[in-house]
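Have a look at the structure below before the remarks.
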Amino acid sequence: MTTEAKCPFNHSVVGAGTTNRDWWPKQLRVDLLNQHSARSNPLAASFNYAEAFKRLDLQTLKQELRALMTDSQDWWPADFGHYGPLFVRMAWHSAGTYRTGDGRGGGGRGQQRFAPLNSWPDNVSLDKARRLLWPIKQKYGQAISWADLMILTGNVALESMGFKTFGFAGGREDTWEPDQDLYWGRETKWLGGDDRYAHGSPGVDQAHGVLVKDDDSEVQHTRDLENPLAAVQMGLIYVNPEGPDGNPDPLLAAKDIRDTFGRMAMNDEETVALIAGGHTFGKTHGAADAAHVAAEPEASDLESQGLGWHNSFGSGKGGDTITSGLEVTWTTTPAQWSNDFFDHLFGFEWELSKSPAGAHQWVAKNAQAIIPDAHDASKKRLPTMLTTDLALRIDPAYEAISRRFHANPDQFADAFARAWFKLTHRDMGPRARYLGADVPAEELLWQDPIPALNHALIDAQDAAALKQTVLSSGLSVAQLVATAWASASSFRGSDKRGGANGARIRLAPQKDWASNEPAQLAQVLATLERIQADFNARQSGGKQISLADLIVLGGNAAVEQAAHAAGHAVTVPFAPGRMDASQAQTDVESFAVLEPVADGFRNYAKARYAVSAEALLIDKAQLLTLTAPEMTVLVGGLRVLGANTGQSHNGVFTTRPGVLSNDFFANLLDMRTEWKATSETKETYEGRDRATGEHKWTGTRVDLVFGSNSILRAVAEVYASADAQEKFVQDFVAAWTKVMQLDRFDLA
């Protein structure tokens, strides 16, 4: 008899075995709406991170972080006796996953702690950086989140190396499990790129970049990276430092750089500043072949305790470290701010070489060994650069900026400070979310500024009178609801942009978006502006109402009237205090990325996409931070209120539009109706009476999914039930109010 006990569960465990997605890979991901619930959060429901951060002694914490920078540990010794460059990389790679396409990624949730980011090839050794920070995090506990601490540490690292940063804002709350909604690409191998480009791009092997035979310069010049991705290969933050797919061509690399940094909201000047500024510090690591490097953290053994990439070469650390496979130190002052990067970039001619790991890099021609060794003060090395560094000299636009920065170090320092602040704060949303004594006073255009409240607010009596005025103005329930929804639903919970505050729906580019029906929108806004002007002219004591508030109040009035028509007296909660932004405060190009490609709540799609309409609905709902029941009740309510774009009848499953009823659900689930697609594309459907064949309804995939998908049908059945009318109205009002207030960080 063996000493190993027989497993009572036949060697299976909870969660093991074939899953639903194994059987049905295209199953709708309704579960994406259930992320980051209280069930995964170890903190009390009453915990308020903002209040905890406000009590933090930030200056003392920064002093302790500064001391850590030069407190080299034997288990992971600091390059050049200074951890600053490592922590700059940690902060950069935390924030640098942000992309403008959907606002997801970034450092705002502390996701670098979790898979896949904690095990990305581009994040080798950052597990050690976080472990070096653990004693400080342990000391301060929940007074500072991991998300804030990683960014703050990057700032302190720069300051400890003689650089003056632009500022720091806290306010990033940790999450406690990996994000599931982030689309990183479809590749199944690290550093692959075969799916993100239309022409295919085999990528590179796990060791380092290698030139792939079927990629030529012409293809690489014209390839188009899939949206919303902002990295050229699976597991990279931005670009391959050896060049596209390992092709050491600086001009081709410039194209990838411009594309990926642009998708992170950086222009050419910010891009040059970030690359040159970041590469003023530290080094890359490629002491030997990557075959010496073991599994990443998520694949490591229990005894590794969450650390990965064990290195069998030499000591496995210090001068024997292997990360990217490249072995480059850019400056003679790798732990001190200087202009050395540009001095070397333009002061030497460069020839292609290879690192000890076999990766493409560049070495200065006819140069002396002037670069310090990271761990042996008696050694000097030749100046080296990456292919992506040389892009700043070879690309004409980048070169012009680089030469200007070289000649004007103060401009370079200011540009890097501002670009670093933008990099590390881009996903935080408006300044109203910024916390701490180091928040810079200057207001920046990319922060989507909104004027500070400068007038007395309306009271409940004013709101009631204004609602009556709006309802008597000739505007319909559908028009008021659609306008309020269009304004508020531009919000993205990913990067906290958009929303009703600012009334940017009246400004370019939002006023011209097809989803907002520009002609109807102009009519509604003109009427509301007249009501606003008339009300404000009659007030005393500085009381005013903004158009942003009036748009929401008008939508609330329409919802109340529709509920009353259904026999339910409700008052939709309303909190005044929104302000109106100006066109000068609105970056048209920056806001363009917020335009919806689809909005299932309005049965709108800009075009037909490879992604299903119902999947795009889930995506939109997730960006609006909605749960599955909230999404369901909103779709059903908006349909019967007539909020469809273009006044489409698709999904309007009611004979009494404008009445806030549960008719959408009752009629969708009516077994007397038989549904058939109207074309081979199966985008729209027709519902006919099973017995008579009489036409009853038309609907889209977004409508029918609430009867087709088993999870959504379960929710829809609740609202379709005979006893659900009052619950439906109350739940709709609650979900509507949530969307209207998503950007009201001042109410928190």
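First residue shown is number 1, and so on along the chain.
For all residues, glycine too, the Cβ spot is worked out from N, Cα and C.
These features come from Swiss-Prot:
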type: SITE; residues: Arg89; note: site 'Transition state stabilizer'
type: ACT_SITE; residues: His93; note: active site, proton acceptor
type: BINDING; residues: His279; note: heme b binding site
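Recorded features from Swiss-Prot, shown on the structure.
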residue : record                             : Cβ contacts under 8 Å, 6 or more apart
Arg89   : site 'Transition state stabilizer' : Leu126, Ala129, Gly278, Gly282
His93   : active site, proton acceptor       : Gln112, Leu117, Asp122, Asn123, Leu126, Ile237
His279  : heme b binding site                : Trp330, Thr331, Phe341, Leu386, Asp389
Give the three-state DSSP assignment (helix, strand or coil) for the residue listed as 'heme b binding site'.
coil
